[in-house]
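To keep things clear, I will list the structure first and then write my remarks on it.
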Amino acid sequence: CLTSAVSNIQPVDQNWPTSQNCPVRPAGWICKSLEERCNRILRNMEASLTARDRVGIQDFVLLDTYTSETAFLDNLRKRFHENLIYTYIGTLLVSVNPYKELDIYSKKQMDTYMGVNFFELPPHIYALADNAFRTMMSEFNNHFILISGESGAGKTEASKKILQFYAVSCPSTKVLNNVRDRLLLSNPVLEAFGNAKTLKNDNSSRFGKYMDIQFDHQGGAVGGHILSYLLEKSRVVHQNHGERNFHIFYQLVEGGEEDLLRWLGLERNCKHYRYLVQGKCAKVSSINDKSDWKTVRKALSVIDLSESDIENLFGIIASVLHMGNIKFEADARGYATLNNNQEMQWLLGIPNQVLQQGLTHRKIEAKSEEVFSPFSVDHAVYARDALAKAIYGRTFSWLVNKINESLANMDSSRKTVIGLLDIYGFEVFSVNSFEQFCINYCNEKLQQLFIELTLKSEQEEYEMEGIEWEPVPYFNNKIICDLVEEKFRGIISLLDEECLRPGEATDLTFLEKMEDKIGGHPHFVTHKLADQKTRKTLERGDFRLLHYAGEVTYCVVGFLDKNNDLLYRNGKEVMRQSKNAIIKHCFPSTEPDSKRRPETVVTQFKNSLVGLTEILMMKEPWYVRCIKPNEAKQPGHFDDVLVRHQVKYLGLMEHLRVRRAGFAYRRKYEIFLQRYKPLCPDTWPNWKGTAAEGVRCLIKHLGYKSDEYKMGRTKIFIRHPRTLFATEDAFQVCKHKLATRIQAKYKGYKVKGNYVKQREAGRIETCWRGLMARRERQRRAWAVTDLLICSRFIKGFMNRHQPACTDNSEYLAYVRHSYLTRLKENLPKTVLEKDSWLTPPPILQELLLKAQTSALFKGKKENYPFSVCRPFADTRISGPPQYSVPVVKYDRNGFRPRLRQLIFTQEAAYLVEEAKIKQWIDYSSLKGVSVSNLSDNFLILHVTCDDSKQKGDLVLQCDFLFEALTKLSVIANKQNCIHVVQGSVRFDIQPGREGFVDFKSGQESMVYRAKNGHLMVVSL
């Protein structure tokens, strides 16, 4: 990040894919053209090279005095004071903790670094994360990012930034967002249960964490898996002065709801709990336990823990606090007893008597007998603390497994993986114990892996480019790893042997055994083996190892106890009687109670490191080295001594020597030629041959010596930075000359362009005026046409209820078209939605009725064609009913004609004389309607007659026959009841009596009673 060159750095092209406009990010992104991408690379390379003397060098590989630790620190310090906390060593990222908020982690910054070449932009953790992702997608292989550094250097924050970058940059769907949220929120949960305040860091990880993030073929995060290493369980029962227990204890006490605390038997005061006050700093200004509690509660729900699991989890945390407050007293024989201890009732639902015996007695098996041996007070305290550590340690493992279940990807198809390894850095305290020994052994193994992988990647690149590999001298720390882990002779073997041997084994006997077995090792010294001068710096119970990072003195006190980490067998049996589901899971009854002693802590840790090494060896490495600038956590303060020490034990100088052992600078031919081709007349402005030939011609013109460079298959390798810088300086001089020529050309181009513009302006003006005149004439013609159209439309609207004619034909056509257009866009989605049809305008409603009439009478009744052109009316008599029409009713006896009105309502039909209802017919009792096939207007309504008091069928004559029957079929929904018959129709006068109506054609229309008593209807 070069401050003075910010103005030269171009923003990311807005047309590039980003997380917003590209739901699936491809494995390799491209710009609009190769030329545009090359130009951007060159501009940013120029910015980094020309500003090298003002804000340091972005890549330590370009440091001329690369073997000088002082030069290395000067460059780091210069950049740190400019808030440039990131610097490269090749692809390794060095990060210095600024101890303040920097505006370099915004969404805009993430978008800027997406899909960009590693060296295009200033060093940033987003660049490393993005390039690891894109390499994984393009090569379809697995990668890991190793984040290391001492406590307080910013490892956990670096891990969070990488996770946040992937959360934003990866494709987004509902399922993927769910996985993303669980990945992000697993961090605060693990921090609460696995982090604590130490002297060096307020949020120190007290366990090692390796997280695999699984990606599908489109780059979406679809799952994850977490491995944890060596939780510092001893912190549960003991904290040094100025340190705290794990965060979750304080979060529960300070932030827990009143009802929850009451249920757990807790008070809102950390000072009341022995396990929380040993460090004498329960409250820390930089930590907000109440706010963190809310975050953890939310996170536990997101990672899919049930409410019962959460309650059981908090019950365990509270039980550990209560367990720390249990006090033992000695009886007359010196044995430990528990008297009226109030804390017992809160311990995991275990019966008091069972718990009391488990804490004060040890079960010993002798052949077939079991004997309970009482504890002394000291032994009882040890057993209590061991049980508390075991409960917390196993609960932590259960929690990690639950997180893994929530992150598990059920899709069996192949996934690519990026692993994040956030593990303890090298630790050197005033007093170093068993934990520091394990942590520093871990760093020795990782340093060994680091050098092997770095040398391997360098050698592979040389071989790929066809350049001879030159062996690199470096310090091989295998001798130290062997000192610690060698079978039978290593420190781990000796420690396990001393822990397992019968007899009185103590920490001092372990020290004596080391002096006897490995006393001659050049990297090992004790007070007894040291010379007179060194002996003054060692206590009698100390031993010193010369690590790759320097000397560390370890106090042997506590090594055996911590390595054994014994939990008495009856302690496990007590836990199995708990009512807490998590405790039952952590102490299963199926767990074998083998009489063989379990593996020691250091052996388990060694085996887990072997497994971790195997995992990492199968992946491509990326490195982040975190550095703490000062012990006081002050922004802007750079402690040279402290940083120098970290640079040494992080192996940064070693890594730089490996990267610089061959060639300091390497670039593809195309990029190198594109930038420096102005320096040679033969390559400027365009080179016609291959890029490799162009570079060869260019460096020949520049006078490179044969030992200063090598030509690979696709890249040029330059040995010394001064060669590159000299080339860059020459380019800066040449650039000014080129700028002058370009300016002259551009000015001529602008003058000529202005003249052409003025000449064309006259022509354009003439054409424009003619165009505007034609448009005005056309606009006026359109106005006249629009006026005529509007007048016809208004006239049609005023006559819309009249029969179709010249005045309303266009308006009616518009109404039909408008309705049909709307109907097309609003058709019912299913055949069941009968009521969702759009209401048609009146003209179309009449057409629907005409269609209904056609279905009933077309081809069946002679006079039907004459009714087609006759419009239907809503009603023939004014009034509120649905429909009414005048009819002639013929008596059942004698067939006398009588004028009546036939009215249809929603429920029934009524035959009315003026205001008096003569007969009403419920539609449910309407059996059918009969009409003849001739041209008469008669209809017979057949009704159900159940008793003699009811009137019979109706014989009616209606001038609007088709309209009336169509209305009836629609209103009463009786389309299937209308029958067209030939000849005679039988009807019921009353129950048991019937009459007939005969139909025939004749010369004139008439209606009369025939001799046979039938009603005769003659039609034309």
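Backbone N, Cα and C define each Cβ position, glycine as well.
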In TrEMBL, which of 540-562, 609-631, 908-930 is tagged region 'Actin-binding'?
609-631
Most crowded position, judged by CB atoms within 10 A, among Gly149, Gly152, Gly154 as binding-site residues
Gly149
Which residues, in sequence order, are found in the same chain with Cβ within 8 Å of the centroid defined by the Cβ atoms of Gly149, Glu150, Ser151, Gly152, Ala153, Gly154, Lys155, Thr156 at the ATP site, excluding those residues themselves?
Asn97, Asn201, Ser204, Gly425, Cys626, Lys628
List the residues of the same chain that sit at least 6 positions away from Glu150 (ATP binding site) in sequence and have their Cβ under 8 Å from its Cβ, in sequence order, or write 'none'.
Lys200, Gly425, Phe426, Glu427, Cys626, Lys628, Gln646
Which residues does Thr156 (ATP binding site) neighbour through Cβ under 8 Å, counting only same-chain ones at least six apart?
Asn187, Glu191, Asn195, Asn203, Ser205, Asp422
Determine the most Cβ-crowded residue among the binding-site residues Ser151, Ala153, Lys155, using a 10 Å radius around each Cβ and all protein chains in the structure.
Lys155
Across the region 'Actin-binding' (609-631), DSSP labelling yields 9 helix, 8 strand, 6 coil
